[in-house]
Number of protein chains: 2
Amino acid sequence: MEITPPPCLNKPLKFPNKLLMGPGPSNCSPRVLHALSLPILGHMHTETFQIMDEIKEGIKYIFQTKNELTLAISAAGHGGMEAVLCNLVEPGDKVLVAVNGLWGMRAIRMAENYGAVVSQIATSLGNNYSLGQLETAILSEKPDLLFVVQGESSTGVYQPLESLGKICHKYNCLLAVDTVASLGAVPFFMDKWEVDAVYTGSQKVLSAPPGITPISFSKRAQTKIFQRKSRPSVYYFDMNVVGEQWGCVGTVRTYHHTVSSSLLCGLREALAIICEEGIENSMKRHKECTMRLHDGLKRLGLEFFVGDPEARLPTVTSIKIPEGVDWKKITTTAMNTYNLEIGGGLGPTAGLIGRVGIMGYNAQPENIDFLLSVLQKLLKDKCKL
Amino acid sequence: MEITPPPCLNKPLKFPNKLLMGPGPSNCSPRVLHALSLPILGHMHTETFQIMDEIKEGIKYIFQTKNELTLAISAAGHGGMEAVLCNLVEPGDKVLVAVNGLWGMRAIRMAENYGAVVSQIATSLGNNYSLGQLETAILSEKPDLLFVVQGESSTGVYQPLESLGKICHKYNCLLAVDTVASLGAVPFFMDKWEVDAVYTGSQKVLSAPPGITPISFSKRAQTKIFQRKSRPSVYYFDMNVVGEQWGCVGTVRTYHHTVSSSLLCGLREALAIICEEGIENSMKRHKECTMRLHDGLKRLGLEFFVGDPEARLPTVTSIKIPEGVDWKKITTTAMNTYNLEIGGGLGPTAGLIGRVGIMGYNAQPENIDFLLSVLQKLLKDKCKL
């Protein structure tokens, strides 16, 4: 063999257990980590189909939907965005994106890739949209699809969605929503709010491992997908065939790809945990932790990047970097000294803000208090520019 | 909440440990399963980058390459096929697919989705191609890309590849190879054989969890990707940006998506195991187990679907279903009574053949003997039509 085994793989795999209070992923509970270590199952085994069915029911609960085309795709959250757009966009379709940070920008790029004519509404970073603004944009752009991010983790902005679906449907437009960083911590009612496509992150409030992404399509969206003139251009994300493997459509489970039983088990347990707690309790817990965090940040003299308290995302709090503070040094020291992750900005907010995440398993008062105490220490004297 | 928590998630998650001797996935070793249960890491943590770097080195070893664009994509093996084609195909490109089972057929569909003009060579099921046949087809079709499957698991056919890269390059054609079901059990030399794009399955000979897929592109392929007139249409698989996150290209690791640290840890350990054993030893072990299996199958009076012994894939043995035998009953009884997976046909071979897999952690004489003893019992009287 010309290429020999690399010595770096000769060392044992070892790293510390960190407390992940950045914008995600969050820590998995011991129960979820244990589920990840269960023996491998084949993708067509009876037990696997049962776990998939249970996951579907769990996802219907967290999205509050009865949609039959509800499943988890074998990809990161970003794959969810890809799956929504590649299935709902046909070349020439008009897509309107309400941008308020990085994710909207990504959606524009993806929609363009699928041949959409894309227009966007833009707002200054740190703000969300009123329903009136969105309706005006729909009226002027006449899109086939409106793409909105409920929780923009890159800015820490929360976008209210109630009544938006009705408005979209009045103008014959579908509504797609990214809830990657918000679901489970803020209200979301897919059916009642008439949302047509949604996906969320496994590794945020659900505290499941990354790599598997809950997704759901309304009857309206399903009709659009099944009546496309052209096939969705990505076979891997094609809901016509993925939906068959998941038993959502048709009567026979047809092999599409090898679903990872490890990730299925992890997600199944994470969904079981949120079902046991109940979404209302999960939201309450996140709200209380967020208030505790916000009170603490104010005591430290820190300011919020999002001015309007109603527009602040409870899962990701964005903080203006105070003058004279080296935030990079704060995040690095927190990580190296305390095994604590605190986030910086991302995309358009890089260098502008710090970000603290409160998600799922980590949303506990003692974690907030620990984070605040570390932040206080580091701000005091150590992390000046 | 209108939709209430589903009672099915109220039960504990429990299933038996099975011996997976079908066409994949194979079982993970306890060491790999343990790695899956390690605490979650963020996708931009120093430790994560180190694990990714170690994985890259491990993949270079198993592919026998020095290619800088070598990484693992966050998707099942099928995502590997998607990534190769979406990056290497531009609309109007001519793609030639050497079909010898389901995977070639899938590649045709994917390449068409990306706007390729696709032609195919076909052979009767159970045969492979001679280099002469492939060169003749290249000469007549003048493709920009030739797609070949080294180990067609749906038929159990092994396709020799030596010298094929040179032939392709003589005619200015790139060579893409699917080694999902073959790598680690048969020779593969990416650089020496001048292969331009390759991917393999994590869950086959590597015995890593499914959901993360090693992939590599040659300098030639990389040039094609970086000089495309149009962007690859799938952002999730776009090597221009995925390669940056993996530190393969450019100098800064730019966030692209949340890589699953759980799957990284599992794959890292699986690669460490094959590095410790050495590919030569792994191939030898698989060969010995395959001979043991084949001898046993002959003793049971079973016939091989692939006539030419040289064309038989050592990892997946395809067996003609003997007259009067209900193979479905065999696989079901093996599973229900012995927790043993034996495979049936797939796609074009469904109902025609049975398939036995010998892969990675499971390639041990005692597993072969157990499988043969179960098969003997079931064939004897229980599974007649």
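For all residues, glycine too, the Cβ spot is worked out from N, Cα and C.
Annotation source TrEMBL lists domain 'Aminotransferase class V' at A:42-345. Here TrEMBL flags A:LYS204 as N6-(pyridoxal phosphate)lysine. Among the features that TrEMBL reports, substrate binding site is placed at A:ARG355.
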Integer average pLDDT (0 to 100) for the domain 'Aminotransferase class V' (A:42-345): 97
Conformational class of the residue listed as 'N6-(pyridoxal phosphate)lysine' under the three-state DSSP mapping: coil
Number of Cβ atoms other than its own within 10 Å, given for the residue listed as 'substrate binding site': 26
The residue listed as 'substrate binding site' to the residue listed as 'N6-(pyridoxal phosphate)lysine' - Cα separation in whole Å: 14
Number of other Cβ atoms within 10 Å of the Cβ of the residue listed as 'N6-(pyridoxal phosphate)lysine' across all protein chains: 29
Secondary-structure category, per DSSP, in which the residue listed as 'substrate binding site' falls: strand
